[in-house]
Amino acid sequence: MMIRGIRGATTVERDTEEEILQKTKQLLEKIIEENHTKPEDVVQMLLSATPDLHAVFPAKAVRELSGWQYVPVTCMQEMDVTGGLKKCIRVMMTVQTDVPQDQIRHVYLEKVVVLRPDLSLTKNTEL
């Protein structure tokens, strides 16, 4: 098995606990579905949020996923880059897998599709 990174990101319209958790959970569920990821294969998960999000830690959404309570998770603040995407939540999931790197399915939803138009799933913003 190899260690691979699975990337994902989404945006919210409002800085509310409900929307941040809902959009983060939606993103995580799509990453899990697309990559057939099981909690026991996840080494760690890093989540970041842009500085304009304060209502809740996005990592709280991981705890709402059945069986994911033992996955090591941490949150951090994304760099505040001039012209950068606002109200954005990013995920880096480190997993053990036999899947070749070029077959990992990264997931970019909502306004984030502009960040990685080269990846196939960025074309699909509907779940």
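In case you wondered, yes, glycine gets a Cβ from its N, Cα and C as well.
Remember, predicted model here, so these are calculated numbers, not experimental data.
Features as listed in Swiss-Prot:
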type	residues	note
BINDING	ARG7, THR74, CYS75, MET76, GLN77, GLU78, ARG90, TYR108	prephenate binding site
DOMAIN	3-121	domain 'Chorismate mutase aroH-type'
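Here the features listed in Swiss-Prot are painted onto the structure.
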| residue | record | contacts (Cβ under 8 Å, 6+ apart) |
| --- | --- | --- |
| ARG7 | prephenate binding site | ARG90, VAL91, MET92, MET93, HIS106, VAL107, TYR108, ARG116 |
| THR74 | prephenate binding site | GLN44, MET45, LEU46, LEU47, ALA59 |
| CYS75 | prephenate binding site | LEU47, SER48, ALA49, PHE57, PRO58, ALA59 |
| MET76 | prephenate binding site | LEU46, LEU47, SER48 |
| GLN77 | prephenate binding site | SER48, ALA49, THR50, PRO51 |
| GLU78 | prephenate binding site | SER48, ALA49, THR50, PRO51, GLY84, CYS88, ARG90 |
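Among ARG7, THR74, CYS75, MET76, GLN77, GLU78, ARG90, TYR108, the residues given in the record as binding prephenate, the maximal Cα to Cα distance rounds to 20 Å.
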